[in-house]
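What TrEMBL lists as transmembrane segment is 26-45, 78-97, 104-127, 133-155, 167-186, 192-209, 230-248, 260-278.
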Amino acid sequence: MSYPGPKPRTAAERPFLERTRRKVRALDLALLFAIPALLVLVYALPEAFRDEFVLYYLEPTLLTAFASHFVHLEATHLLANLLGYGLLAGVGYLLAVHGNCRRFFLSALLVIILVFPLVLSVLNLAVPRNAVSYGFSGVNMALLGLLPLVLGEYLRATFTPTLERRHVGLAYFVATAIIALIAVPIALSTVALATTSVGIAGLYAHGLLQRHWQLRRLGREILERPGYGELALAGGVVFVSYLFVAFPADVVYGTAVLNIYVHFLGYSLGFIGPYLVLEAGTYDRPSDPLNTASSSRS
């Protein structure tokens with residue numbers, strides 16, 4: 001007498017570490033590690049040489065507008081941005097490979113690295129002043145804007161495929177309200193921005209609360225699935241906590257001033273641009289055979 005064997009596991013049902021090993025690619029890791037390696041190599045150059053690539057607002061050039069984002073003059077500044085990049089890109093990549101949006105994440109990462117530095121500098125020059133700008137934090141902020149998008153795709157692919165992509169906007173507007181209240185002096189304009197953001201976030205939240213049964217199911221599955229639940233929580237914790245790192249109440253560090261304007265530009269562009277691409281459905285197909293089983297749920 002024969003008995004049927006165990007039902008084959010779908011990709012999303014495999015143990016977390018096993019599935020991670022199967023999905024992570026060496027070429028992806030090479031790309032992810034190339035960026036901090038470049039930052040370290042640039043910092044290793046003589047300081048006088050690095051000074052040539054700092055962006056002077058009153059004397060901007062196309063070269064310094066791009067290269068200044070990869071220049072650091074102090075070791076602590078470099079270390080802070082390396083740690084930020086490691087958290088944002090590392091957690092974002094894991095969410096992307098498990099959320100069946102690996103190609104989307106890597107494409108967005110390349111655009112952020114190659115295009116955003118120049119865009120951020122041009123927008124930064126809209127506020128003329130006698131100052132200089134350098135550092136990778138604006139690019140990191142674009143990765144912060146990208147993070148809730150890959151987190152949303154991860155939740156859809158792993159836990160609740162009926163979660164609508166548009167609900168990710170809740171994270172953006174809640175974060176905008178937080179930024180307006182903690183990083184900018186309280187004024188009528190900042191209160192208006194915070195109030196508007198909370199109002200829009202409330203509309204998103206209302207749509208989610210109407211599906212309270214899905215939220216209960218999502219919370220239960222996050223707690224019950226080892227590895228997968230922790231990754232979802234890590235994405236949320238990194239997103240919220242990094243807001244307070246990037247937008248502190250005190251923006252003065254010695255003789256330097258934290259450029260929260262560029263931080264907010266990076267964050268907003270890093271969310272809005274990739275979100276529009278996602279909504280257009282450009283990446284709504286399996287990127288590799290490992291995605292096929294679980295992507296059919298979304």
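Each residue, glycine too, has its Cβ placed from N, Cα and C.
Note that this is a predicted model, so its numbers are computed, not measured.
It is 78-97 that, among the stretches 26-45, 78-97, 167-186, 230-248, forms the most Cβ pairs under 8 Å with the transmembrane segment (133-155). Touching of the transmembrane segment (167-186) and the transmembrane segment (260-278) is concluded from the presence of at least three CB pairs under 8 A, sequence neighbours closer than 6 excluded. For the transmembrane segment (230-248), the list of distant contacts is 16, 84, 87-88, 91-92, 94-95, 98, 137, 140-141, 144, 147-148, 150-151, 154-155, 158-159, 171, 175, 178-179, 182-183, 222, 258, 260, 263-264, 267: same-chain residues at least six beyond its ends, Cβ to Cβ under 8 Å.
Pairs of Cβ atoms less than 8 Å apart link the transmembrane segment (26-45) most often to 78-97, out of 78-97, 104-127, 260-278.
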